[in-house]
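Participant: These came from Swiss-Prot, pasted as-is:
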BINDING   15, 16, 17, 18, 19, 20, 21, 22, 88, 89, 90, 91  ATP binding site
ACT_SITE  89  active site, proton acceptor
BINDING   145, 148, 183, 186  Zn(2+) binding site
């Protein structure tokens, strides 16, 4: 990573499920802690897969965190002594999070957010694309396709072992029993209305 001459910036860690986003957020948070910096980690209250408060990766790594229902709640937990702010599963927050992280970075905090850049349909997910555009540093991670072993950039949602329909709800918090990492060619999203295609 390049050296910042001024304090205060935004880092985005993104990718599909099982690509190591939370793991990378935890690594950066622990590294900052080793450097004697005060770190505060947050996650949306909706994400309670492994813990109601700690940020936990699929591999089992964890760091203490604070679950918040609203992005505005993050502000109440930050002090002048705070150096680094981490936010996991940022895609589950509403657009308020964009203003919050922008203000925090402008005030001199190092802000690190991690989240899915695509939903299960393979389309841009919530606030993440906007945050990527505003960030000084974007790290896009890839998983391994569960079908062919190629680099995977997409998240496959499975319902009873079958690909979820395009019309299913976007938000459905789960873990490996509900989702798999897939490459472009093995990512399946059945649609009732196919619309325009390139086929003749």
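Counting begins at 1 with the first residue displayed.
Cβ from N, Cα, C; glycine included.
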Participant: Using residue 148 (Zn(2+) binding site) as the reference point, find which of the binding-site residues 17, 21, 88 has the shortest Cα-to-Cα distance to it.
Facilitator: 17
Participant: I need the CA-to-CA distance for residue 88 (ATP binding site) versus residue 145 (Zn(2+) binding site), whole Å please.
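Facilitator: With the alpha carbons as reference points, the distance is 23 Å.
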Participant: Give me the count of other Cβ atoms within 10 A of the Cβ belonging to residue 21 (ATP binding site).
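Facilitator: Other Cβ atoms within 10 Å of residue 21 (ATP binding site): 28.
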Participant: Is it possible to get the count of other C-beta atoms within 10 angstroms of the C-beta of residue 148 (Zn(2+) binding site)?
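Facilitator: Counting Cβ neighbours of residue 148 (Zn(2+) binding site) within 10 Å gives 11.
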Participant: Starting from the Cβ of residue 88 (ATP binding site), draw a 10 Å sphere and report how many other Cβ atoms land inside it.
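Facilitator: Its Cβ has 26 other Cβ atoms within 10 Å.
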Participant: Would you count the other C-beta atoms found within 10 angstroms of the C-beta of residue 90 (ATP binding site) for me?
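Facilitator: Summing over all protein chains shown, residue 90 (ATP binding site) has 29 other Cβ atoms within 10 Å.
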Participant: Would you count the other C-beta atoms found within 10 angstroms of the C-beta of residue 89 (active site, proton acceptor) for me?
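Facilitator: Its Cβ has 21 other Cβ atoms within 10 Å.
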Participant: To the nearest whole angstrom, what is the C-alpha distance linking residue 17 (ATP binding site) and residue 145 (Zn(2+) binding site)?
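Facilitator: Here the two Cα atoms lie 11 Å apart.
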Participant: Near the Cβ of residue 186 (Zn(2+) binding site), how many other Cβ atoms are there if near means within 10 Å?
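Facilitator: Result for residue 186 (Zn(2+) binding site): 16 other Cβ atoms within 10 Å.
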Participant: Given the recorded Zn(2+) site (145, 148, 183, 186), which additional residues of the same chain have their Cβ within 8 Å of the Cβ centre, ordered by sequence?
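Facilitator: Filtered neighbour residues, in order: 146, 147, 149, 150, 152, 182, 184, 185, 187.
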Participant: In terms of Cα spacing, which of the binding-site residues 21, 183, 186 are within 10 angstroms of residue 89 (active site, proton acceptor)?
Facilitator: 21
Participant: Other than its own, how many Cβ atoms are within 10 Å of the Cβ belonging to residue 15 (ATP binding site)?
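Facilitator: By my count, 24.
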Participant: Where does residue 90 (ATP binding site) sit in DSSP terms: helix, strand, or coil?
Facilitator: helix
